[in-house]
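J.: Below, the features straight out of Swiss-Prot:
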{"type": "SIGNAL", "residues": "1-24", "note": "signal peptide"}
{"type": "DISULFID", "residues": "Cys35-Cys59", "note": "disulfide bond"}
{"type": "DISULFID", "residues": "Cys38-Cys88", "note": "disulfide bond"}
{"type": "DISULFID", "residues": "Cys56-Cys110", "note": "disulfide bond"}
{"type": "DISULFID", "residues": "Cys60-Cys112", "note": "disulfide bond"}
{"type": "CARBOHYD", "residues": "Asn80", "note": "N-linked glycosylation site"}
{"type": "DISULFID", "residues": "Cys87-Cys115", "note": "disulfide bond"}
{"type": "CARBOHYD", "residues": "Asn106", "note": "N-linked glycosylation site"}
Amino acid sequence: MGCYGKYAAVTLTILSVFLHLLHAFPDGEFLMQGCPECKLGENRFFSKPGAPIYQCTGCCFSRAYPTPMRSKKTMLVPKNITSEATCCVAKAFTKITLKDNVKIENHTDCHCSTCYYHKS
């Protein structure tokens with residue numbers, strides 16, 4: 001009978017650790033490996049109760065394809081594979097003016113599109 005008590009204690013300990021982890025990551029972030037998909041997320045800095053502000057957040061995958069021969073000829077260092085990064089950007093938005101005449105975009109739809117602004 002004492003042996004079953006130890007198994008019950010171990011089982012309850014494992015269950016409590018699992019429940020603690022479940023509550024520690026509210027949006028299921030522990031299940032996501034890497035970056036979440038491109039979608040609308042609430043911007044908590046600009047949002048006010050009853051007036052949420054949304055922005056596009058998340059990741060998109062890059063595309064890779066064979067470099068066309070005509071492009072390869074113009075490269076200083078020819079490469080066989082060309083990649084094109086895609087970013088999570090607003091497909092549709094509305095412009096909003098906050099107090100102090102701060103103008104922002106409230107995103108209403110997101111999609112993955114070619115990145116135009118790259119970090120140097």
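Cβ from N, Cα, C; glycine included.
How about a rundown of where these features are and what they're close to?
T.: Around the Cβ of Cys59 (disulfide bond), a 10 Å sphere holds 14 further Cβ atoms from the protein chains shown.
Cys38 (disulfide bond) is surrounded by 21 other CB atoms, counting those within 10 A of its CB over all protein chains shown.
In the three-state DSSP scheme, Cys56 (disulfide bond) is classed as strand. Around Cys56 (disulfide bond), a 10 Å sphere centred on its CB holds 21 further CB atoms from the protein chains shown.
Around Cys112 (disulfide bond), taking its Cβ as the centre, 20 other Cβ atoms fall within 10 Å, counting all chains. Under the three-state DSSP scheme, Cys112 (disulfide bond) falls in the strand class.
There are 7 other CB atoms within 10 A of the CB of Asn80 (N-linked glycosylation site), with all protein chains counted.
The DSSP secondary structure for Cys87 (disulfide bond) is strand. Every protein chain considered, the tally of other Cβ atoms within 10 Å of the Cβ of Cys87 (disulfide bond) stands at 18.
Non-local contacts of Asn106 (N-linked glycosylation site) by the CB criterion (under 8 A, 6+ apart in sequence, same chain) comprise Ile53, Tyr54, Phe93, Thr94, Lys95, Ile96.
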J.: Under a criterion of Cβ-Cβ distance under 8 Å and sequence separation of at least 6, what residues of the same chain contact Cys60 (disulfide bond)?
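T.: Once residues fewer than 6 apart are set aside, Cys60 (disulfide bond) is near Cys38, Thr86, Cys87, Cys88, Cys112.
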J.: Between Cys59 (disulfide bond) and Cys110 (disulfide bond), what is the CA-CA distance rounded to a whole number of Å?
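T.: Distance between the two Cα atoms comes out at 11 Å.
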J.: Do you know which of the disulfide-bonded residues Cys35, Cys88, Cys115 has the most other C-beta atoms within 10 angstroms of its C-beta?
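T.: The largest 10 Å Cβ neighbour count belongs to Cys88.
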